[in-house]
Amino acid sequence: AKSISKCYVQVTGMTCASCVANIERNLRREDGIHSILVALMAGKAEVRYNPAVIHPSAIAELIRELGFGATVMENSGEGDGILDLVVGGMASASCVHKIESTLMKTNGVLYCSVALATNKAHIKYDPEIIGPRDVIQVIKDLGFATTLVKKDRSASHLDHKREIRQWRRAFFVSLAFCIPVMVMMIYMMVKDSQLSEARAHHNMSDEEMEAIHSSMFLERQLLPGLSVMNFLSFILCVPVQIFGGWHFYIQAYKALKHKTANMDVLIVLATSIAFVYSFVILLVAMAEKAKVNPVTFFDTPPMLLAFISLGRWLEHVAKGKTSEALARLISLQATEATIVTLGPDNVLLSEEQVDVELVQRGDIVKVVPGGKFPVDGRVIEGHSMVDESLITGEAMPVTKKPGNTVIAGSINQNGSLLISATHVGADTTLSQIVKLVEEAQTSKAPIQQFADKLSGYFVPFIVAVSVVTLFAWIIIGFVDFEIVEKYFMGYNKSISAAEVIIRFAFQASITVLCIACPCSLGLA
(Lines of atoms letter the chains of each structure in order from A and count residues from 1; the text may use other names and numbers.)
(Lines give C-alpha, C1' and ligand atoms only; values in the text may rest on other atoms or scores of the structure.)
Protein backbone atom coordinates (compact mmCIF):
# COMPACT_ATOMS: atom_id res chain seq x y z
CA ALA A 1 0.00 0.00 0.00
CA LYS A 2 3.00 2.31 0.48
CA SER A 3 3.72 2.31 -3.25
CA ILE A 4 0.72 4.47 -4.12
CA SER A 5 1.40 8.04 -5.21
CA LYS A 6 -1.02 10.79 -6.00
CA CYS A 7 -0.85 13.35 -8.79
CA TYR A 8 -3.08 16.10 -10.12
CA VAL A 9 -3.73 16.63 -13.80
CA GLN A 10 -5.18 19.84 -15.24
CA VAL A 11 -7.77 18.75 -17.79
CA THR A 12 -9.16 21.13 -20.41
CA GLY A 13 -11.97 20.64 -22.90
CA MET A 14 -14.45 18.91 -20.55
CA THR A 15 -17.95 20.19 -21.20
CA CYS A 16 -20.29 18.06 -19.13
CA ALA A 17 -20.64 15.14 -16.78
CA SER A 18 -20.38 12.58 -19.59
CA CYS A 19 -16.83 13.79 -20.34
CA VAL A 20 -15.98 13.19 -16.70
CA ALA A 21 -17.50 9.71 -16.79
CA ASN A 22 -15.64 8.97 -20.02
CA ILE A 23 -12.25 9.90 -18.56
CA GLU A 24 -12.88 8.08 -15.29
CA ARG A 25 -14.13 4.92 -17.01
CA ASN A 26 -11.26 4.69 -19.46
CA LEU A 27 -8.47 5.45 -17.01
CA ARG A 28 -9.71 2.99 -14.38
CA ARG A 29 -9.02 0.19 -16.85
CA GLU A 30 -5.37 1.12 -17.17
CA ASP A 31 -2.60 -0.76 -15.39
CA GLY A 32 -1.14 0.92 -12.32
CA ILE A 33 -4.02 3.31 -11.78
CA HIS A 34 -5.81 2.76 -8.48
CA SER A 35 -8.44 5.44 -8.59
CA ILE A 36 -9.26 8.60 -10.45
CA LEU A 37 -11.47 11.48 -9.45
CA VAL A 38 -12.29 14.25 -11.90
CA ALA A 39 -13.73 17.63 -10.92
CA LEU A 40 -15.53 19.23 -13.83
CA MET A 41 -15.61 22.89 -12.76
CA ALA A 42 -12.08 22.95 -11.41
CA GLY A 43 -10.92 21.16 -14.51
CA LYS A 44 -8.64 18.83 -12.60
CA ALA A 45 -8.26 15.13 -12.07
CA GLU A 46 -6.81 13.54 -8.98
CA VAL A 47 -5.15 10.25 -9.83
CA ARG A 48 -3.77 7.63 -7.43
CA TYR A 49 -1.30 5.44 -9.20
CA ASN A 50 1.53 2.97 -8.67
CA PRO A 51 4.77 4.77 -9.58
CA ALA A 52 6.46 1.44 -10.35
CA VAL A 53 4.03 0.88 -13.22
CA ILE A 54 3.05 4.27 -14.57
CA HIS A 55 4.20 7.92 -14.54
CA PRO A 56 2.10 11.10 -14.23
CA SER A 57 3.18 12.17 -17.74
CA ALA A 58 1.87 8.88 -19.09
CA ILE A 59 -1.42 9.45 -17.28
CA ALA A 60 -1.73 12.88 -18.89
CA GLU A 61 -0.96 11.26 -22.25
CA LEU A 62 -3.80 8.76 -21.72
CA ILE A 63 -6.21 11.62 -21.08
CA ARG A 64 -4.94 13.40 -24.19
CA GLU A 65 -5.65 10.30 -26.26
CA LEU A 66 -9.28 10.60 -25.20
CA GLY A 67 -9.34 14.02 -26.88
CA PHE A 68 -8.88 16.35 -23.93
CA GLY A 69 -6.03 18.69 -23.11
CA ALA A 70 -4.05 17.50 -20.09
CA THR A 71 -1.02 18.75 -18.19
CA VAL A 72 0.41 17.45 -14.95
CA MET A 73 0.12 19.98 -12.13
CA GLU A 74 3.32 20.44 -10.17
CA ASN A 75 1.97 21.83 -6.91
CA SER A 76 0.02 18.85 -5.69
CA GLY A 77 -0.55 20.62 -2.36
CA GLU A 78 -3.86 21.84 -3.79
CA GLY A 79 -5.55 18.60 -2.81
CA ASP A 80 -4.77 19.00 0.86
CA GLY A 81 -7.70 19.63 3.10
CA ILE A 82 -7.48 22.66 5.36
CA LEU A 83 -9.26 22.83 8.66
CA ASP A 84 -9.63 25.78 11.03
CA LEU A 85 -10.86 25.00 14.51
CA VAL A 86 -11.57 26.87 17.71
CA VAL A 87 -10.11 24.87 20.57
CA GLY A 88 -11.47 25.54 24.03
CA GLY A 89 -9.95 24.64 27.39
CA MET A 90 -6.27 25.22 26.61
CA ALA A 91 -4.50 26.50 29.72
CA SER A 92 -0.84 26.82 28.78
CA ALA A 93 1.82 26.20 26.18
CA SER A 94 2.04 22.56 27.24
CA CYS A 95 -1.56 22.03 26.08
CA VAL A 96 -0.62 23.52 22.74
CA HIS A 97 2.36 21.21 22.50
CA LYS A 98 0.26 18.21 23.48
CA ILE A 99 -2.32 18.92 20.74
CA GLU A 100 0.30 19.65 18.09
CA SER A 101 2.46 16.62 18.81
CA THR A 102 -0.52 14.24 18.96
CA LEU A 103 -1.91 15.57 15.70
CA MET A 104 1.43 15.43 13.93
CA LYS A 105 1.74 11.76 14.92
CA THR A 106 -1.70 11.09 13.50
CA ASN A 107 -1.53 9.45 10.08
CA GLY A 108 -2.70 11.84 7.35
CA VAL A 109 -2.07 15.12 9.16
CA LEU A 110 0.50 17.11 7.18
CA TYR A 111 0.77 20.29 9.18
CA CYS A 112 -0.66 21.71 12.32
CA SER A 113 -0.29 24.92 14.28
CA VAL A 114 -2.19 25.91 17.39
CA ALA A 115 -2.26 29.47 18.70
CA LEU A 116 -2.87 29.77 22.41
CA ALA A 117 -3.71 33.47 22.31
CA THR A 118 -6.55 33.12 19.81
CA ASN A 119 -7.55 29.55 20.74
CA LYS A 120 -7.33 28.60 17.08
CA ALA A 121 -5.88 25.59 15.35
CA HIS A 122 -4.94 25.47 11.67
CA ILE A 123 -4.54 21.97 10.28
CA LYS A 124 -3.62 20.63 6.85
CA TYR A 125 -4.49 17.03 6.15
CA ASP A 126 -4.63 14.51 3.33
CA PRO A 127 -8.33 13.97 2.62
CA GLU A 128 -7.60 10.46 1.31
CA ILE A 129 -6.41 9.23 4.70
CA ILE A 130 -8.17 11.36 7.27
CA GLY A 131 -11.03 13.82 7.46
CA PRO A 132 -12.09 16.79 9.58
CA ARG A 133 -14.22 14.65 11.88
CA ASP A 134 -11.30 12.38 12.69
CA VAL A 135 -9.10 15.37 13.51
CA ILE A 136 -11.79 16.82 15.79
CA GLN A 137 -12.17 13.44 17.47
CA VAL A 138 -8.42 13.26 18.16
CA ILE A 139 -8.53 16.68 19.86
CA LYS A 140 -11.67 15.72 21.78
CA ASP A 141 -9.99 12.55 23.04
CA LEU A 142 -7.24 14.75 24.48
CA GLY A 143 -9.92 16.48 26.52
CA PHE A 144 -10.40 19.77 24.64
CA ALA A 145 -13.66 21.11 23.29
CA THR A 146 -13.51 22.02 19.62
CA THR A 147 -15.81 23.78 17.23
CA LEU A 148 -15.44 24.73 13.61
CA VAL A 149 -14.53 28.27 12.72
CA LYS A 150 -17.74 29.42 11.08
CA LYS A 151 -17.14 30.56 7.55
CA ASP A 152 -18.87 33.68 6.33
CA ARG A 153 -21.47 32.17 4.04
CA SER A 154 -22.59 35.46 2.57
CA ALA A 155 -20.81 37.10 -0.31
CA SER A 156 -20.41 40.35 1.59
CA HIS A 157 -16.98 41.11 0.16
CA LEU A 158 -18.56 41.17 -3.29
CA ASP A 159 -21.05 43.81 -2.33
CA HIS A 160 -20.83 46.84 -4.57
CA LYS A 161 -23.65 48.81 -2.98
CA ARG A 162 -21.29 51.25 -1.30
CA GLU A 163 -19.36 51.98 -4.47
CA ILE A 164 -22.57 52.27 -6.47
CA ARG A 165 -23.89 54.83 -3.98
CA GLN A 166 -20.60 56.70 -3.96
CA TRP A 167 -20.33 57.00 -7.76
CA ARG A 168 -24.01 57.77 -8.17
CA ARG A 169 -23.62 60.62 -5.72
CA ALA A 170 -20.46 61.86 -7.45
CA PHE A 171 -22.22 61.73 -10.80
CA PHE A 172 -25.29 63.66 -9.70
CA VAL A 173 -23.21 66.27 -7.88
CA SER A 174 -21.09 66.79 -10.98
CA LEU A 175 -24.14 66.79 -13.21
CA ALA A 176 -26.04 69.33 -11.13
CA PHE A 177 -23.18 71.81 -11.49
CA CYS A 178 -22.24 70.79 -15.00
CA ILE A 179 -25.60 71.57 -16.64
CA PRO A 180 -25.70 75.31 -15.82
CA VAL A 181 -22.08 75.67 -16.97
CA MET A 182 -22.93 73.96 -20.25
CA VAL A 183 -26.04 76.06 -20.74
CA MET A 184 -24.02 79.25 -20.26
CA MET A 185 -21.37 78.01 -22.66
CA ILE A 186 -23.87 77.16 -25.38
CA TYR A 187 -25.63 80.48 -24.87
CA MET A 188 -22.33 82.32 -25.31
CA MET A 189 -21.50 80.36 -28.44
CA VAL A 190 -24.87 81.11 -30.02
CA LYS A 191 -24.60 84.81 -29.11
CA ASP A 192 -21.06 84.98 -30.46
CA SER A 193 -22.02 83.48 -33.80
CA GLN A 194 -25.01 85.85 -34.04
CA LEU A 195 -22.68 88.75 -33.32
CA SER A 196 -20.16 87.75 -35.94
CA GLU A 197 -22.98 87.48 -38.49
CA ALA A 198 -24.24 90.93 -37.49
CA ARG A 199 -20.72 92.23 -37.77
CA ALA A 200 -20.38 90.81 -41.28
CA HIS A 201 -23.62 92.55 -42.32
CA HIS A 202 -23.13 95.90 -40.66
CA ASN A 203 -19.34 96.36 -40.90
CA MET A 204 -19.05 97.26 -37.27
CA SER A 205 -15.69 98.22 -35.86
CA ASP A 206 -14.00 96.20 -33.13
CA GLU A 207 -14.87 98.78 -30.51
CA GLU A 208 -18.59 98.64 -31.28
CA MET A 209 -18.43 94.85 -31.21
CA GLU A 210 -16.81 94.99 -27.80
CA ALA A 211 -19.49 97.36 -26.57
CA ILE A 212 -22.29 95.03 -27.68
CA HIS A 213 -20.40 92.04 -26.34
CA SER A 214 -19.89 93.47 -22.91
CA SER A 215 -23.47 94.69 -22.73
CA MET A 216 -24.62 91.03 -22.77
CA PHE A 217 -25.65 89.97 -19.31
CA LEU A 218 -23.11 87.14 -18.93
CA GLU A 219 -20.23 89.28 -20.12
CA ARG A 220 -21.11 92.17 -17.83
CA GLN A 221 -18.38 92.83 -15.32
CA LEU A 222 -19.15 92.54 -11.63
CA LEU A 223 -15.68 93.84 -10.82
CA PRO A 224 -13.17 94.99 -13.40
CA GLY A 225 -11.90 91.83 -15.10
CA LEU A 226 -14.50 89.56 -13.49
CA SER A 227 -17.50 88.83 -15.71
CA VAL A 228 -20.77 87.34 -14.52
CA MET A 229 -20.13 84.27 -16.66
CA ASN A 230 -16.69 83.62 -15.19
CA PHE A 231 -17.89 84.31 -11.67
CA LEU A 232 -20.80 81.88 -11.98
CA SER A 233 -18.59 79.25 -13.61
CA PHE A 234 -16.11 79.57 -10.77
CA ILE A 235 -18.84 79.26 -8.11
CA LEU A 236 -20.21 76.16 -9.84
CA CYS A 237 -16.80 74.64 -10.37
CA VAL A 238 -15.56 74.65 -6.77
CA PRO A 239 -18.03 72.11 -5.28
CA VAL A 240 -17.54 69.74 -8.22
CA GLN A 241 -13.80 69.88 -7.84
CA ILE A 242 -14.12 69.01 -4.16
CA PHE A 243 -17.05 66.57 -3.99
CA GLY A 244 -16.99 65.13 -7.49
CA GLY A 245 -13.24 64.85 -7.66
CA TRP A 246 -12.50 63.78 -4.11
CA HIS A 247 -12.17 60.10 -4.94
CA PHE A 248 -9.97 60.74 -7.96
CA TYR A 249 -7.59 62.81 -5.86
CA ILE A 250 -7.17 59.99 -3.36
CA GLN A 251 -6.60 57.39 -6.08
CA ALA A 252 -4.20 59.62 -7.98
CA TYR A 253 -2.21 60.30 -4.83
CA LYS A 254 -1.93 56.56 -4.16
CA ALA A 255 -0.85 55.89 -7.74
CA LEU A 256 1.83 58.58 -7.68
CA LYS A 257 3.08 57.27 -4.35
CA HIS A 258 3.78 53.97 -6.11
CA LYS A 259 5.36 55.87 -9.01
CA THR A 260 2.72 54.83 -11.50
CA ALA A 261 0.41 56.99 -13.55
CA ASN A 262 -3.12 55.75 -14.14
CA MET A 263 -6.29 57.26 -15.53
CA ASP A 264 -7.04 59.01 -12.23
CA VAL A 265 -3.75 60.90 -12.38
CA LEU A 266 -4.67 62.31 -15.79
CA ILE A 267 -8.12 63.31 -14.65
CA VAL A 268 -6.79 65.01 -11.55
CA LEU A 269 -4.01 66.70 -13.48
CA ALA A 270 -6.30 68.09 -16.14
CA THR A 271 -9.11 69.21 -13.88
CA SER A 272 -6.77 70.75 -11.31
CA ILE A 273 -4.65 72.56 -13.85
CA ALA A 274 -7.70 73.81 -15.74
CA PHE A 275 -9.20 75.00 -12.48
CA VAL A 276 -6.07 76.57 -11.03
CA TYR A 277 -5.10 78.16 -14.33
CA SER A 278 -8.56 79.68 -14.83
CA PHE A 279 -8.57 80.93 -11.26
CA VAL A 280 -5.14 82.55 -11.58
CA ILE A 281 -6.06 84.12 -14.93
CA LEU A 282 -9.14 85.63 -13.30
CA LEU A 283 -7.08 87.06 -10.44
CA VAL A 284 -4.59 88.54 -12.91
CA ALA A 285 -7.41 90.05 -14.98
CA MET A 286 -8.95 91.58 -11.86
CA ALA A 287 -5.60 92.93 -10.74
CA GLU A 288 -5.12 94.52 -14.16
CA LYS A 289 -8.73 95.72 -14.25
CA ALA A 290 -8.86 94.25 -17.78
CA LYS A 291 -11.57 95.46 -20.12
CA VAL A 292 -11.73 92.15 -21.96
CA ASN A 293 -12.79 89.07 -20.05
CA PRO A 294 -10.12 86.37 -20.06
CA VAL A 295 -10.73 82.94 -21.58
CA THR A 296 -11.22 80.46 -18.74
CA PHE A 297 -11.60 76.70 -18.65
CA PHE A 298 -14.07 76.44 -15.79
CA ASP A 299 -16.31 74.30 -17.97
CA THR A 300 -13.77 71.46 -18.16
CA PRO A 301 -13.78 69.96 -14.64
CA PRO A 302 -17.55 69.63 -14.09
CA MET A 303 -18.18 68.08 -17.49
CA LEU A 304 -15.21 65.74 -17.29
CA LEU A 305 -15.98 64.55 -13.78
CA ALA A 306 -19.64 64.06 -14.68
CA PHE A 307 -18.78 61.81 -17.64
CA ILE A 308 -16.24 59.76 -15.78
CA SER A 309 -18.38 59.34 -12.65
CA LEU A 310 -21.18 58.12 -14.89
CA GLY A 311 -18.84 55.54 -16.41
CA ARG A 312 -17.66 54.30 -13.02
CA TRP A 313 -21.20 54.18 -11.70
CA LEU A 314 -22.38 52.01 -14.59
CA GLU A 315 -19.36 49.75 -14.18
CA HIS A 316 -20.15 49.10 -10.53
CA VAL A 317 -23.82 48.52 -11.27
CA ALA A 318 -22.78 45.81 -13.74
CA LYS A 319 -20.43 44.26 -11.18
CA GLY A 320 -23.15 44.41 -8.55
CA LYS A 321 -25.42 42.34 -10.77
CA THR A 322 -22.84 39.55 -10.91
CA SER A 323 -22.33 39.67 -7.17
CA GLU A 324 -26.04 39.36 -6.62
CA ALA A 325 -26.12 36.23 -8.75
CA LEU A 326 -23.15 34.93 -6.80
CA ALA A 327 -24.78 35.58 -3.43
CA ARG A 328 -27.76 33.57 -4.66
CA LEU A 329 -25.46 30.74 -5.70
CA ILE A 330 -23.78 30.70 -2.32
CA SER A 331 -27.15 30.58 -0.62
CA LEU A 332 -27.92 27.35 -2.49
CA GLN A 333 -25.35 25.42 -0.50
CA ALA A 334 -26.75 23.05 2.09
CA THR A 335 -25.62 23.76 5.65
CA GLU A 336 -26.04 20.30 7.17
CA ALA A 337 -25.70 16.71 6.06
CA THR A 338 -26.97 13.41 7.42
CA ILE A 339 -24.13 10.91 7.62
CA VAL A 340 -25.02 7.25 8.00
CA THR A 341 -23.02 4.20 9.02
CA LEU A 342 -23.76 1.09 6.99
CA GLY A 343 -23.45 -2.50 8.13
CA PRO A 344 -23.18 -5.55 5.89
CA ASP A 345 -25.71 -5.57 2.98
CA ASN A 346 -26.10 -1.79 3.33
CA VAL A 347 -28.09 -2.04 6.53
CA LEU A 348 -28.43 1.33 8.27
CA LEU A 349 -26.71 1.13 11.63
CA SER A 350 -26.76 4.77 12.73
CA GLU A 351 -27.08 8.28 11.39
CA GLU A 352 -26.03 11.71 12.61
CA GLN A 353 -26.47 15.32 11.54
CA VAL A 354 -23.21 17.18 10.97
CA ASP A 355 -22.09 20.49 9.53
CA VAL A 356 -21.53 20.23 5.82
CA GLU A 357 -17.87 21.23 6.36
CA LEU A 358 -17.36 18.04 8.33
CA VAL A 359 -18.36 15.66 5.58
CA GLN A 360 -15.32 13.64 4.50
CA ARG A 361 -14.57 12.04 1.23
CA GLY A 362 -15.97 8.51 1.22
CA ASP A 363 -18.69 9.27 3.78
CA ILE A 364 -22.10 7.80 3.11
CA VAL A 365 -24.66 10.61 3.09
CA LYS A 366 -28.40 10.08 3.19
CA VAL A 367 -30.55 12.53 1.24
CA VAL A 368 -34.29 12.48 1.91
CA PRO A 369 -36.94 13.49 -0.63
CA GLY A 370 -37.02 17.28 -0.95
CA GLY A 371 -33.57 17.60 0.58
CA LYS A 372 -30.53 19.25 -0.95
CA PHE A 373 -27.41 17.31 -1.79
CA PRO A 374 -24.75 18.64 0.58
CA VAL A 375 -21.78 17.37 -1.46
CA ASP A 376 -20.94 15.96 -4.87
CA GLY A 377 -21.13 12.20 -4.82
CA ARG A 378 -22.06 8.92 -6.39
CA VAL A 379 -25.34 7.12 -5.69
CA ILE A 380 -24.94 3.82 -3.82
CA GLU A 381 -28.51 2.91 -3.16
CA GLY A 382 -31.97 4.17 -4.06
CA HIS A 383 -33.74 5.56 -7.10
CA SER A 384 -34.94 9.11 -7.44
CA MET A 385 -35.52 12.07 -9.70
CA VAL A 386 -33.25 15.02 -9.08
CA ASP A 387 -33.75 18.65 -10.05
CA GLU A 388 -30.34 19.88 -11.21
CA SER A 389 -31.63 22.99 -12.96
CA LEU A 390 -29.66 25.33 -10.73
CA ILE A 391 -26.34 23.96 -12.00
CA THR A 392 -27.05 22.64 -15.47
CA GLY A 393 -30.12 24.63 -16.46
CA GLU A 394 -31.83 21.30 -17.25
CA ALA A 395 -35.52 21.93 -16.65
CA MET A 396 -36.59 18.29 -16.41
CA PRO A 397 -35.66 16.25 -13.35
CA VAL A 398 -32.90 13.73 -13.99
CA THR A 399 -33.23 10.07 -13.02
CA LYS A 400 -30.61 8.85 -10.54
CA LYS A 401 -29.84 5.22 -9.85
CA PRO A 402 -26.83 3.53 -8.21
CA GLY A 403 -23.61 4.55 -9.98
CA ASN A 404 -24.87 7.98 -11.15
CA THR A 405 -23.18 11.16 -9.98
CA VAL A 406 -25.04 13.87 -8.09
CA ILE A 407 -24.18 17.56 -7.74
CA ALA A 408 -24.12 19.50 -4.48
CA GLY A 409 -26.91 22.06 -4.28
CA SER A 410 -29.33 20.16 -6.52
CA ILE A 411 -32.63 19.02 -5.04
CA ASN A 412 -33.73 15.44 -4.49
CA GLN A 413 -37.36 14.96 -5.43
CA ASN A 414 -39.16 11.73 -4.70
CA GLY A 415 -36.90 8.90 -3.50
CA SER A 416 -34.47 8.62 -0.62
CA LEU A 417 -30.86 8.20 -1.79
CA LEU A 418 -27.65 7.06 -0.17
CA ILE A 419 -24.63 8.69 -1.77
CA SER A 420 -20.91 8.28 -1.30
CA ALA A 421 -19.18 11.67 -1.08
CA THR A 422 -16.57 12.25 -3.81
CA HIS A 423 -16.02 16.01 -3.64
CA VAL A 424 -16.46 17.87 -0.39
CA GLY A 425 -15.91 21.40 0.92
CA ALA A 426 -14.18 23.66 -1.55
CA ASP A 427 -14.04 20.97 -4.23
CA THR A 428 -17.76 20.70 -4.90
CA THR A 429 -19.04 21.92 -8.23
CA LEU A 430 -20.95 24.72 -6.56
CA SER A 431 -17.90 25.97 -4.61
CA GLN A 432 -15.87 25.88 -7.81
CA ILE A 433 -18.46 27.94 -9.68
CA VAL A 434 -18.49 30.45 -6.84
CA LYS A 435 -14.68 30.56 -6.91
CA LEU A 436 -14.59 31.09 -10.67
CA VAL A 437 -17.07 33.94 -10.50
CA GLU A 438 -15.10 35.54 -7.67
CA GLU A 439 -11.89 35.27 -9.67
CA ALA A 440 -13.57 36.73 -12.72
CA GLN A 441 -14.71 39.67 -10.62
CA THR A 442 -11.36 40.41 -9.07
CA SER A 443 -9.26 39.97 -12.18
CA LYS A 444 -9.13 42.54 -14.96
CA ALA A 445 -9.99 41.88 -18.56
CA PRO A 446 -6.83 41.74 -20.71
CA ILE A 447 -7.97 44.81 -22.67
CA GLN A 448 -8.39 46.66 -19.39
CA GLN A 449 -4.84 45.80 -18.34
CA PHE A 450 -3.65 46.96 -21.72
CA ALA A 451 -5.50 50.25 -21.35
CA ASP A 452 -3.99 50.75 -17.90
CA LYS A 453 -0.55 50.02 -19.26
CA LEU A 454 -1.09 52.46 -22.12
CA SER A 455 -2.33 55.19 -19.82
CA GLY A 456 0.84 54.60 -17.82
CA TYR A 457 2.77 55.78 -20.89
CA PHE A 458 0.04 58.12 -22.03
CA VAL A 459 0.06 60.37 -18.98
CA PRO A 460 3.77 61.28 -19.04
CA PHE A 461 3.55 61.61 -22.83
CA ILE A 462 0.70 64.14 -22.67
CA VAL A 463 2.41 66.10 -19.92
CA ALA A 464 5.57 66.18 -22.02
CA VAL A 465 3.63 67.32 -25.10
CA SER A 466 2.01 70.18 -23.20
CA VAL A 467 5.39 71.27 -21.83
CA VAL A 468 6.82 71.19 -25.37
CA THR A 469 3.83 73.27 -26.52
CA LEU A 470 4.53 75.80 -23.81
CA PHE A 471 8.20 76.25 -24.74
CA ALA A 472 7.55 76.10 -28.47
CA TRP A 473 5.11 79.01 -28.29
CA ILE A 474 7.41 81.02 -26.05
CA ILE A 475 10.23 80.58 -28.57
CA ILE A 476 7.97 81.33 -31.56
CA GLY A 477 6.63 84.39 -29.77
CA PHE A 478 10.06 85.87 -29.07
CA VAL A 479 11.20 85.12 -32.61
CA ASP A 480 8.12 86.34 -34.43
CA PHE A 481 5.58 88.24 -32.34
CA GLU A 482 3.10 88.71 -35.23
CA ILE A 483 2.07 85.04 -35.18
CA VAL A 484 1.09 85.24 -31.54
CA GLU A 485 -0.72 88.49 -32.15
CA LYS A 486 -2.69 86.88 -34.96
CA TYR A 487 -3.94 84.03 -32.71
CA PHE A 488 -4.22 85.80 -29.37
CA MET A 489 -7.16 88.06 -29.95
CA GLY A 490 -8.41 90.75 -27.68
CA TYR A 491 -5.42 91.02 -25.40
CA ASN A 492 -4.88 94.24 -23.54
CA LYS A 493 -2.59 96.41 -25.65
CA SER A 494 -1.15 97.95 -22.49
CA ILE A 495 0.69 94.83 -21.31
CA SER A 496 4.17 93.99 -22.51
CA ALA A 497 4.83 91.70 -25.45
CA ALA A 498 6.69 89.18 -23.25
CA GLU A 499 3.71 88.79 -20.96
CA VAL A 500 1.36 88.32 -23.88
CA ILE A 501 3.57 85.58 -25.27
CA ILE A 502 3.85 83.72 -21.98
CA ARG A 503 0.15 84.00 -21.34
CA PHE A 504 -0.65 82.68 -24.79
CA ALA A 505 1.85 79.83 -24.46
CA PHE A 506 0.28 78.81 -21.16
CA GLN A 507 -3.15 78.87 -22.69
CA ALA A 508 -2.00 76.62 -25.52
CA SER A 509 -0.33 74.08 -23.24
CA ILE A 510 -3.30 73.95 -20.85
CA THR A 511 -5.57 73.36 -23.81
CA VAL A 512 -3.47 70.35 -24.78
CA LEU A 513 -3.72 68.92 -21.28
CA CYS A 514 -7.45 69.46 -20.94
CA ILE A 515 -8.31 68.02 -24.29
CA ALA A 516 -6.12 64.94 -23.88
CA CYS A 517 -7.49 64.11 -20.48
CA PRO A 518 -10.88 62.60 -21.15
CA CYS A 519 -9.22 60.48 -23.79
CA SER A 520 -11.60 57.90 -25.17
CA LEU A 521 -9.27 55.22 -23.82
CA GLY A 522 -9.91 56.12 -20.22
CA LEU A 523 -13.60 56.76 -20.64
CA ALA A 524 -14.14 53.49 -22.45
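Note: Cβ is positioned from N, Cα and C throughout, glycine not excepted.
Annotations in TrEMBL come from automatic prediction, not curation.
Per TrEMBL, domain 'HMA' is recorded for 5-71 (among others).
If you take every residue in the domain 'HMA' (81-147) and average the pLDDT, you get 87. Marked as domain 'HMA' by TrEMBL: 81-147 (among others).
Per TrEMBL, the feature transmembrane segment maps to 170-190 (among others).
The transmembrane segment annotation in TrEMBL covers 231-253 (among others).
Positions annotated as transmembrane segment by TrEMBL: 265-287 (among others).
Residues or ranges marked as transmembrane segment by TrEMBL: 457-479 (among others).
What TrEMBL lists as transmembrane segment is 500-523 (among others).
Sorting the domain 'HMA' (81-147) by DSSP state (H, G, I as helix; E, B as strand; all else coil) yields 23 helix, 24 strand, 20 coil. DSSP states for the domain 'HMA' (5-71), grouped as helix (H, G, I), strand (E, B) and coil, give 22 helix, 24 strand, 21 coil.
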